[in-house]
Amino acid sequence: MLEFDTITAIATVLGEGGISIIRISGENSLSIANSIFRGKNHRDLLDIKPYSMRYGFIIEKDTGEILDEVLVSFMKGPKSYTAEDIVEINCHGGVLATRKVMEEVIKAGARLAEPGEFTKRAFLNGRIDLSQAEAVIDIIRAKSHISVKSAVQQSQGKISKEINLLREELLEIIAHIEATVNYPEEDLEEMTSDQIYLKINKILDEINYILSNAEEGKIVREGLSVVIVGKPNVGKSSLLNSLIEENKAIVTDIPGTTRDVIEEYMNIGGIPIKIVDTAGIRKTDDIVEKIGVEKSKEKIDESDLVILMLDSSKELDEEDKEIINYVNHRKYIILLNKTDIGDKIDLNDICNLNSRFIIKTSIKNGEGLDKIKNCIKELFFKGEIKSEDLFITNTRHKEGLIRAKESCIEALQTLKSTLSIDLVSIDIKNAWINLGKITGDTLEEDIIDKIFSQFCLGK
């Protein structure tokens, strides 16, 4: 284990609450806490058993004045979060009380931790790898139970295990090639080009399989952005209200009521969905409405999915067709709304659209909402979302896999173009290095520092 100084930070949100927790980690954590602690019957902390708590008071070292009534816990390294000795002081919640205790800890010899420094120490001390460390921040920022489960699985090493298996397979090929080339006099079983080709191809298939869920992984982590578009008064705001089951958007019979973008959140099958209700798209001389229309188009370009609403009680006009052409290059669902009062849209006019994603609805009567939700799941998750699936939720991990994939493809091409198998080891090493960047084994120190700087204090 590496040697570090002793650090401290407030591990809970600073504000009014039942308790605040001040975390101290490092070789001197227990002696620092003990120097400002007074236990019942004057007991100190030096004989505290690991993984137990002791009741007492934090005192101001200079005056002996009691600052707060506390419970102190002790976790002995390496069986702790950072793999170092950790002390946690549970004091009363509140900004002033917490800060006073924190000041005494720093006066006693601890240094204020940098953002993410506790988790960084867990990584540097070998308790977790980098992908597991990144999962910690994903757990904190998770927006749904699926994203929490996925992040917890990653923190337990689910991704690391897969990556390490791939690296072991690559390393085995490298070792065999180099042993064959460098020690020809030894009686080693020679690995032929065909054997290497088959092994690399197998690894490539495994990488492709992991990458196949990368888009779903991004959605699990960040959620979906869904934009509702259409002409004014087609039912966009009614749809938003129905989906979130609240009356957040104003609904009137007056076209152009919604002039700005309205954003709300809902959940479909455990996935967070940001629903964006936009201003009706039409030609207008109203300056404010024009700005709203431009914002609508911006939101379409930023979205993962467009829900285009058409009024089925009226025939399509040029404005409808213009909107259809605008969204046709994106993932979309077409809602033929107001079917309760008419069905005048000729389906031949929208025959260039995928009929699987055309839904007849009457939002006023609550018809078609389940179809919309099922369609979203079909578009992005092939109909079902399973928390036990292996999701690549991190863009950095995805990039590492793509680079490793490219190196494997180059290795296969090298094998096809040359009879010398030692040349292929360069490409295989590159694949091994790129996969190692995911777990942090081969990543540059400045990038590691940048990753941990995104964490909150106390974590």
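Quick reminder: no glycine exception, Cβ is built from N, Cα and C everywhere.
These features come from Swiss-Prot:
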type    : residues                       : note
BINDING : Arg23, Glu88, Arg127, Lys459   : (6S)-5-formyl-5,6,7,8-tetrahydrofolate binding site
BINDING : 233-238, 252-258, 277-280      : GTP binding site
BINDING : Asn233, Thr252, Ile254, Thr257 : K(+) binding site
BINDING : Ser237, Thr258                 : Mg(2+) binding site
DOMAIN  : 223-381                        : domain 'TrmE-type G'
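Feature map: Swiss-Prot annotations on the structure.
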| residue | record | DSSP (3 states) |
| --- | --- | --- |
| Arg23 | (6S)-5-formyl-5,6,7,8-tetrahydrofolate binding site | strand |
| Glu88 | (6S)-5-formyl-5,6,7,8-tetrahydrofolate binding site | strand |
| Arg127 | (6S)-5-formyl-5,6,7,8-tetrahydrofolate binding site | coil |
| Asn233 | GTP binding site | coil |
| Lys459 | (6S)-5-formyl-5,6,7,8-tetrahydrofolate binding site | coil |
Measure from the Cα of Lys236 (GTP binding site) to the Cα of every one of the binding-site residues Arg23, Glu88, Arg127, Lys459, then give the nearest.
Lys459
Euclidean distance between Cα atoms of Asn233 (GTP binding site) and Arg127 ((6S)-5-formyl-5,6,7,8-tetrahydrofolate binding site), Å
58
Considering only the binding-site residues Arg23, Glu88, Lys459, which residue has the minimal Cα-Cα separation from Asn233 (GTP binding site)?
Lys459
Among the binding-site residues Arg23, Arg127, Lys236, Lys459, the one whose Cβ has the most other Cβ atoms within 10 Å is Lys236
I need the CA-to-CA distance for Lys459 ((6S)-5-formyl-5,6,7,8-tetrahydrofolate binding site) versus Ser237 (Mg(2+) binding site), whole Å please.
41
State the count of C-beta atoms found within 10 angstroms of the C-beta of Glu88 ((6S)-5-formyl-5,6,7,8-tetrahydrofolate binding site), not counting that atom itself.
21
Grab the (6S)-5-formyl-5,6,7,8-tetrahydrofolate binding residues from the record (Arg23, Glu88, Arg127, Lys459) and give me their largest CA-CA distance in Å.
19
Rounded to the nearest Å, what's the C-alpha distance separating Arg23 ((6S)-5-formyl-5,6,7,8-tetrahydrofolate binding site) and Ser237 (Mg(2+) binding site)? Just drop the number here, would you?
48
Most Cβ neighbours within 10 Å: which of the binding-site residues Asn233, Ser237 is it?
Ser237
Glu88 ((6S)-5-formyl-5,6,7,8-tetrahydrofolate binding site) and Ser237 (Mg(2+) binding site), distance between Cα atoms, whole Å
50
